[in-house]
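Notes to accompany the following structure.
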Amino acid sequence: MAMASMAFCVNSVSFQNHGRYKSGMVFASLGNKEAATLGVRVTEGEGKLPKLVLSSPAGSEAEIYLFGGCITSWKVPSGNDILFVRPDAVFNKKKPISGGIPHCFPQFGPGAIQQHGFARNVDWTVGDSENVEGNPVVTLELKDDSYSRAMWDFSFHALYKITLNAKSLSTELKVKNTDNKAFSFNTALHTYFRASVTGASVKGLKGCKTLNKHPDPKNPVEGSEERDVVTFPGFVDCVYLDASNELELDNGLGDIISIKNTNWSDAVLWNPHLQMEACYKDFVCVENAKIGNVQLEPEQTWTAVQHLTIA
């Protein structure tokens, strides 16, 4: 197993281990020759925001913005981008990036703090980078600061490990309680998949208890999924509790995507239909989630893995 560590050099500022991104810096190039072999490069993305580009030897590629720790693109060797970024997405740090794989943490949906929490609305840092058997692996990290503690007064340390292979994209999220008191949270990966909504379908949800947020998201209707194949005929916003650890998405564009997970106990399907008339036909969200509260005592860690594979 070949491994190498990496340092990023940006305007003479090194990103190694716990480097912190400062707004306004222009990302130039990797700081050493060894790093260039890792299949990871730093570039300037939309809105001049720093972006990591991961490339595998087989020709797959992923793009990750440090703002929100958001994976915005996953291109497989055929050239197809499996993920989707909405045309109304903005890259000015005034709101989260609308598309790709945004984080929902420490809250999913509406609640005591901002919608879907703050993790998608702050800068993550590069904690580590390595090359494993020719494939790039990057770990991002997020810690509490004055902004997060103003709304959620706990100390935590989150690590988000992203691995790109020829036909798969894997993420591992670890949340550690670094406070001296217990806390609870819920979380999700709000994944936007490129799709033809009229042809898209999901298998693996039959028998799940459902919380259907249509037509009234504030009063979800409890039920049970009886379909072998779930489609998107109109507005869809449904939570599936205790879902299978493997779902199959047919994106209606010729791609079959396996969505496997460890410890993401629930799933969410979403498509806004006419609420987003400009783009609803071009994507579906199939989200791995932890809807119930995760309770962490001091020094405890919660870990969940998502593994996306193209057939």
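Heads up, the Cβ atoms here are built off N, Cα and C, so glycines get one too.
Not measured: the values here are computed from a predicted model.
Noted in TrEMBL for the protein shown:
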ACT_SITE  His190  active site
ACT_SITE  Glu287  active site
Whole-number Å value for how far Glu287 (active site) lies from His190 (active site) (Cα to Cα): 5
Glu287 (active site), number of other Cβ atoms within 10 Å: 24
